[in-house]
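According to TrEMBL:
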- Asn14, Cys79, Leu80, Val81, Tyr136, Asn166, Val198, Gln199: substrate binding site (BINDING)
- Cys79: active site, nucleophile (ACT_SITE)
- Cys79: S-(2-succinyl)cysteine (MOD_RES)
- Cys197: active site, proton donor (ACT_SITE)
- 259-296: region 'Disordered' (REGION)
- 262-288: compositional bias 'Pro residues' (COMPBIAS)
Amino acid sequence: MTTYRIGQIVPSSNVTMETEVPALLRARETVAPERFTFHSSRMRMTRVTPEQLRAMDADSDRCALELSDARVDVLGYACLVAVMSNGPGYHRESERRLHRRTVENGAPAPVVTSAGALVAGLHVLGAKKVALVAPYLRPLARTVVDYLAHEGITVTDHAALEIPDNLAVAAHDPARLPGIAARLAHDEADAVVLSACVQMPSLAAVEEAEQRLGKPVVSAAICTVHQLLCALGLPAFAPGAGALLCGAYDGSTSPLLGSAPAAPPSRSPAAVPQPPAVLQPPVVPPSGPRGCAPTV
């Protein structure tokens, strides 16, 4: 049995990723042999404004250095909009820079950003059009829409809940999210992003939303776990996490492991894949673990 150390770079006011990421991986532990421990370093941020996001992002290098002191096996940068607000494609630059910090510290570890993970997760699903829910003020929500467009993903409709206080974002009731998503123009969408923010909890509502909307539903947190598993070279699945992590998708390894992407499975975009009656750890094909795709 192997134990992996998961490092998370989180905003100081984020209380959700240290709940949802462990919950997803603990669920995975019920059907797979790998075990996980969780370690965090924080960047100061209390209000979701462009000014605080820029200042916080500048502190991410320190966090990567601190987590590499703990010899974590993978780092997750858990603030989607802090990365996206730095301009199109910035997740690639951020991941490379933070990885360099770990190398310089003698403890190289792959780095996943939630922004890059959302892009990768949607590509794995074959989703070219999505509807999404975000807690941000309208200008920041528009930043997310434009960022995805730059990555070849069209947002058919989105809801900006306009919650500026980050702790208030964490207090938003996830039970409301399926209803909010249902009111969006999602008929032409291939998938729905139930929470485009790692601070807005949604895990408890993802499966309900998939049943209600009849299509794959993801969140920034689910996509982040997907890419963390890919970066570790592990099969990317977890029970109770919706289509992306149900084990139905074959793909290549993470870009950090150096393989080219495989084509997504052929299916109707509106069809939600169903896990087997008794979920077993999927067999790892020779080309790499299941369900992983590069962010490039």
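Just so you know, glycine gets a Cβ as well, placed from its N, Cα and C.
Taking the Cβ of Asn166 (substrate binding site) as reference, residues of its chain lying under 8 Å away and at least six apart in sequence are, in sequence order, Pro11, Ser13, Asn14, Met45, Thr46, Arg47, Val48, Gln199.
Across the structure, Val81 (substrate binding site) and Cys197 (active site, proton donor) are spaced 7 Å apart at their Cα atoms. Apart from Asn14, Cys79, Leu80, Val81, Tyr136, Asn166, Val198, Gln199, the residues listed for substrate, the same chain places the Cβ atoms of Pro11, Val48, Ala78, Ala82, Ser114, Pro135, Val169, Cys197, Met200, Ala220 within 8 Å of the centroid of those Cβ atoms.
Cβ neighbour counts within 10 Å, taken over all protein chains shown, single out Val198 as the most crowded of the binding-site residues Cys79, Leu80, Val81, Val198. Across the residues annotated as binding substrate (Asn14, Cys79, Leu80, Val81, Tyr136, Asn166, Val198, Gln199), the widest Cα-Cα separation comes to 14 Å. Counting other CB atoms no more than 10 Å from each candidate's CB, the binding-site residues Asn14, Gln199 peak at Gln199.
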